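Annotated domain 'tr-type G' per Swiss-Prot: 19-229, in sequence order. Look at Swiss-Prot and you will find 28-35, 94-98, 148-151 tagged as GTP binding site, backed by similarity to another entry. Residues or ranges marked as diphthamide by Swiss-Prot: His596.
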Amino acid sequence: MGRRKKMVERVTALMSNPLMIRNIGIVAHIDHGKTTLSDNLLAGAGMISKELAGRQLFMDSDAEEQERGITIDSSNVSMVHEYEGKEYLINLIDTPGHVDFGGDVTRAMRAVDGAVVVIDAVEGTMPQTETVLRQALKEHVKPVLFINKVDRLINELQVDDQEMQIRLGKLIDHVNKLIKGMNEERYNAGWRVDAAEGTVAFGSALYNWAISVPMMKKTGVSFSEVFNYCREEDMKSLAEKCPLHEAVNDMVIRFLPSPIDAQKGRVGAIWHGDHESGIGKQMSVADAKGDVAFMVTDISMDPHAGEVSTGRLFSGSLSRGMEVYVSGASKTNRIQQVGVFMGPERLEVDAIPAGNIAAVTGLRDAFVGATVTTLEGMEPFESIKHASEPVVTVAVEAKHMKDLPKLVEVLRQVAKEDPTLKITLDEETGEHLMAGMGELHLEVIAHRIERDKGVEITTTPPLVVYRETITGTAGPVEGKSPNRHNRFYVIVEPLEPEVRELIRNDEISMRMPEVERREKLMAAGLNKDEAKKIVNIFESNAYFDMTKGIQYLNETMELIIEGFTEVMKAGPLSKEPCMGVKVKLMDAKLHEDAVHRGPAQVIPASRQAIQAAMLMADDTLFEPYQKVFIQVPQEQMGGATKEIQGRRGVIIDMTSEGDTTVIESKAPVSELFGFAGDIRSATEGRAMWSTEFAGFEPLPMSLMTEVVTGIRKRKGLKAALPQAEDFMSM
C-alpha cells in the first residue's frame, strides 16, 4: 500500500506540468502483444511485480478478457518514468486488437497524443494494424513503432543475423509506406518511423527485453549480441541488460509530443470553433487556468460511484463540486469525484489540470463524444467517427417478465458505455434489437448483461443488418398531409459517391461554417445551387431544399426533416437503414394556419413522398462484406480457399512466405456466421485468420426477393413487396 501511495503522490506532482506529460495509446492487431507490453511497462514503473508481468495481464482486468485471452475494453493507467534525470508522467491506454472492438481504439485515439504501434516480427503488418494506424493519423496522433516477438523470428524461423535485419528493415519500410499513403503531409513533417533516429524499438514483450539505436549506444549491446542471446535462449541476461520499459518509455518521452506540443495541431482537427476565441487559445496551450474543455471518450459503470466518464482535458482544471455544462443537456451537472486510473483501480485526487486523462463521476448527462465545459454555449468537439459500422444484430428478451423494466434500463446503460452498439425497440414485435460490429462483440455484451447487470436474457441467432439504397432517379413525387392542406414535391437520386466519402470521413457536417461546407461539396461534384441548399445530413444521406420563396417553409423545415430521417432510419423496401440517398424538395404548398401544419400533418406527408419516390427509383438492398485474411500452411491452402468460395466469397490475393500462404479474400457477413469452427475443421486447426469491415456491396438479384421477404416477415410486415402506390396519398 505504501508503494501505491508513493506512486499516487508522484503522479499528482507531475500532473500540473504539461511539458512532463505524455498521453499515449498502445495499438496493434490482435495477439501482437499489446497487453503483455503494457504489463511490462507497468512492472518497470514498479506498479506490478516483474515476475507476474506478461502473465498477470493487469490491463485485462475483466473476467471475460482473462478467459478469452483478448483485450475487450481500453484500459487506462498513469505511471512515472525517469529519463535523463527528470521524471515524466505517462498516461497509457491499452486498446483491443480484435476488429469487433475497434470502437474502443477510435475513442482512445481522441484522448491521446502519441501511439506505440506494436507489430509481430513474424506476422508483420496485418489488417487491424492498418486500421489502427489510419485511426491514429486521422486523429493527429503521432506513431512510434515497437516490433515485438523478435525472438520468434530467430528461434522459430531460424533466420540468421543478416536476414533478421533485412526482414525488420522491410517491415519498417512497409509501415512508412502506410503512413505516407494515409497522410503524406504528416509523413513529410517527420512522422515517418526510423530505426537510426530512434523511433523504432525491437524486442520481446513476453521476455521483457527491448533494444533501439539510442539504447544500443547507452548499453553498448549490439544487434549481433541480441541475436546470440536469443539463439542461446538466454532471455534473462538480455532483459537485465536491455529492460523493455527503459527502451520503450525512453522512446515515448523523447519522440512523442507533450500535450502542449500536440494540442497546437490537434485542436484544429477536432474542434471547429473560433481558434482566436478565449477557449480556442486556451486549448492550444493546455491552459490549466482557463475554462474547462473536456471530451468524454469512455463511460464505464462503477458499482459504488455509478457512471465514470473518462476523457481528455484540453483546458482548465476539474475538481469536485464544480458545475459544468454537458453538450446537448439543458441543465448543468455537478462533478462528484475526479481521479486517475491505475488499471482496474480509480484513484481519487483533489484536482486534475489540462493536458491529462481524467476519470470523472457525477456527469449524469454525459455520453461518449460529449463536450464538458464551464463555458455556456461552447462549440462542441467534433463527434467521434468509427471506422466500422454495426452489421450484425440479435433480438434480446428478458427470460423472466419481471426483469423487463430492468432490461430496458440495462440496454440503455450498455449503449451509453459502448456507442458502437445500436439498441432499438422494434415497435411491431416489442423486441429489443442489439446491433454490433460482429458475432463476438454481441456475445460479449450479452454475457456482460447477465454477469454484471444480473439480468437473464435470451438472444436470437445473429442476423445481418442490410442497407437500402436507390440506383435510379424519380420524381417530383407528391406527398399530401392527412388533412390535404399541405403538399410536398420531392425528387430522389443516388448521392454522389464523392459526397458520401466526405460524410463517411467526417469531412463535412452541418455544424461546420457554411462557406467551407459549400466549397467542399462543390469540389466533390455538386453544382453551386445544390451545395448552397443542403439542409440536413443523416448517416450517408442528404436533404436539399431547392425551393424558392415559399411562405411558412422555414418554420416547417424541422418537421419535414423529421420525415426524412424516419425514412433514412427504416427504408420503404424492408425497414432497413438507408445509405447514399439524395432527397431534393422541389416545391411545397403549406396551409397558412400553423394549426393545420403541425407534426401529425407534415411528418407523414414528407415521409410518404420520399418512400414512394425511393420505390420508383429502383430501391434495392446492399449487404455488408468483410475482408478475410487467412494464414495457413501450404498443404492446407485448398481447404481454406474452398471454405471462402463456398460462402459466396472471392479470393483477392495470395502470397507465399516459406511454407505459409497468406490468403486475402472477401465474403458477405451473412455467409460468415460459424466460419470460426468451419475453417478450423477445413485446415485441421492450423489456420490463423482475421477480418476487417469491407463496406457494402449490392445483394445479387437472384437473392433479392428471398432476402427482402425474409426480412419483412421477421419484422411483422406484409410479405408482399411494397409498391410506390402503397405510400402515395389517395
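Cβ atoms here come from the backbone N, Cα and C positions, even for glycine.
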His596 (diphthamide) CB neighbourhood, other CB atoms within 10 A: 15
Confidence summary for the domain 'tr-type G' (19-229), mean pLDDT rounded: 77
Alpha-carbon spacing, Ala28 (GTP binding site) to His596 (diphthamide), which is rounded to whole Å: 58
Listed binding-site residues (Ala28, Val150), ranked by Cβ neighbours within 10 Å, top entry: Ala28
Whole-number Å value for how far His596 (diphthamide) lies from Val150 (GTP binding site) (Cα to Cα): 74
Where His596 (diphthamide) sits in the secondary structure, as DSSP reduces it to three classes: helix
